[in-house]
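To start, the structure itself, in structure tokens.
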């Protein structure tokens, strides 16, 4: 007897285990490790979707096993390498098998069971007789049978019937036993038909909606996003509207009730790119015309923008080293293949790392190897995405979160079948089913976006190393400001180090000047901008050059305060100040989305001395426009990029020099190459140091260095002004000199002393509940329990510290109270063991627990 060891797709952690099922004789050639099957589970044999992990031969055994109901696919969905990866994730991130494997599949590949009721021939005959003569107690059946007789195949979904006929639950079993009604199931394995009919939404009255928006009567940002999208593109599918605007169905239903939206239907081809294609051409379609679009956001580049460059001596030396290493790997992937050496490409901003990626990818393709390229965020790196599309055409699949389920499935299919050999995408692209994987490239590897912020909280860099270890592939990390972990691996011999110290051609690093804002204040300048920065902006605009200004805080003012009584307006749902937005005079919580009007008088004391305190990108734009009235200014932050095309429109406009100055948050600091930018201003640099994170200095240094790297990327000399009240902070002084090694040398002793990564590991436990006493009691119990189990009785002399629990920095969010606790150890395995223990604790219903292992 052939036995399949399976895991359930949607099991809770407490039920996550390998379950044994007999493989039907008819399916023994079809069901293999990695197959998706349907199994009967539990005492009531409820049908569940499951994945086969392995097959065992159980000849001669006496026990009786339940049998697999059926295989859901013609071919296995997972390779043996992907199954190993999922197993590693269950141990490393304390998640279920199903949670790990679901990350490797597009959402379209999922099983749904719908139950139907069908009127039988006996039921039809009974209906005919009841129409002639029916008793009062037969009226319920008469109503149901009459309804079903008008349906195609005399059948309708059980859920729909239960809503329509409230008597159904009480009497259905009687009618089934009598043979009048047949209850049966229809299984949808998730694979889309070539065409499907979908719900659509559209505006009921376009002019009325425009009037509502212009009069600031729309108080919800989510509703505003939906209305702006529909104003631009008309009728679109409901699913696409939710994906593009990042809203739930509840939001759309509320707008339908208000009669702002109406519902329709439309037929789509499965392979067709629907509204996301209408908004911007599919991220995977490379145009043969002069202009092609990149990625999601629609920024356009011409062929002349990206000629194939001649490699510098440095680039050529780096490429030869990598090529020599890559060619060590056999064309095929035999079992137990030794992994190639990991390398860090440490190149200053603008040194040509992307061209090295492109050349190395071409070499991998010549060897018939598959390639994965990870970028921090597709929307913010359109030029790099375009260059890969331009160079490799239809051989590339671009993966990102805003593709529709149909589009994601199509790209997944192309990669799994070998039709596309290159996957380019953000964090989740690490799971791409690339055939014969031989190379993984992670650009801007220092970015925190490579770590998932929802369960399971995986790190794409860790998974990349594991995939390379299992497939014998090469891992190449690239950065101008490497993470402490990546550089530490080179220092300890776990990774190779390759460097690009110069920019190609005549381009050189910009001059960076620290502006001490304390001195500006002493000389009577209390504005956001220093005199030096304003003068540089004026001169650059006069020369026809461009300016970028970084301020990593959106809104007009960071808080709204009464100057009479001192009251600061706070979010009613969260423990944060509301941010003042000048457009529409609104106060917005950037955590839960709460919006309320900014009153002209204080609600507590009635004083009219009330206004914004602090500053954000809106105020930076307003003040600069007053100082430089002739300059054309664009702003790029979360408020101006709420709609689908907004990223691309802003970047394209700036690239075409339709604006002189671009002001924005950190989204403008990385990955962009604007040859005409010669001046960069960094405002409010000190804010980066007060995030309560042990990586605050590292991220500040990276942000300053990356932002400075936007200036002088062509033959024009660049100038950077870093405004701060903390000019002696080592992250600032090192960024000014673009001196990563000095920063690393200053930061490492601090990490070593506190056992922080890369010299140790940190486990963060966070719990929340509606009432603070509940979560406080939970953590006090957990603190005692962990000390008794793992500290007082610790084995192997682990250096383990369990810090006392306390409120989280933002301790109330969406009317839930959050506490947290930190555990630190020099051994990752020690914390992983504790994490697995904590993950299986039984919690009260109102307590939610999350964990994050960093190391």
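Each Cβ is built from the backbone N, Cα and C atoms, and glycine gets one as well.
Per TrEMBL, domain 'Helicase ATP-binding' is recorded for 334-500. Sequence annotations record features per position, and here TrEMBL assigns Zn(2+) 1 binding site to 562, 565, 602, 605. The Zn(2+) 2 binding site feature in TrEMBL is assigned to 571, 574, 589, 592. Annotation comment: TrEMBL describes 594-756 as domain 'Helicase C-terminal'.
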- Message: For the C-alpha pair, I'd like the distance in angstrom between residue 589 (Zn(2+) 2 binding site) and residue 562 (Zn(2+) 1 binding site), rounded off.
- Response: 18
- The number of other Cβ atoms within 10 Å of the Cβ of residue 574 (Zn(2+) 2 binding site), counted over all protein chains shown, is 21
- Cβ contacts within 10 Å for residue 565 (Zn(2+) 1 binding site), all chains included, total 13
- Task: Taking only the Cα atoms, work out how far residue 605 (Zn(2+) 1 binding site) lies from residue 571 (Zn(2+) 2 binding site), in Å, as a whole number.
- Result: 19
- For residue 562 (Zn(2+) 1 binding site), the three-state class that DSSP assigns: strand
- Message: Between residue 602 (Zn(2+) 1 binding site) and residue 574 (Zn(2+) 2 binding site), how many Å separate their Cα atoms?
- Response: 20
- Nonlocal residues around residue 571 (Zn(2+) 2 binding site), in sequence order (Cβ under 8 Å, 6 or more apart): 577, 578, 589, 591, 592, 594
- Note on the structure: Averaging pLDDT over all residues of the domain 'Helicase ATP-binding' (334-500) gives 89
- Message: What's the number of neighbouring CB atoms sitting within 10 A of the CB on residue 592 (Zn(2+) 2 binding site)?
- Response: 16
- Task: Would you please pick out, from the binding-site residues 562, 602, 605, the one with the fewest other Cβ atoms within 10 Å of its Cβ?
- Result: 605
- Item | Between residue 574 (Zn(2+) 2 binding site) and residue 562 (Zn(2+) 1 binding site): CA-CA distance (Å) | 20
- Near the Cβ of residue 589 (Zn(2+) 2 binding site), how many other Cβ atoms are there if near means within 10 Å? 20
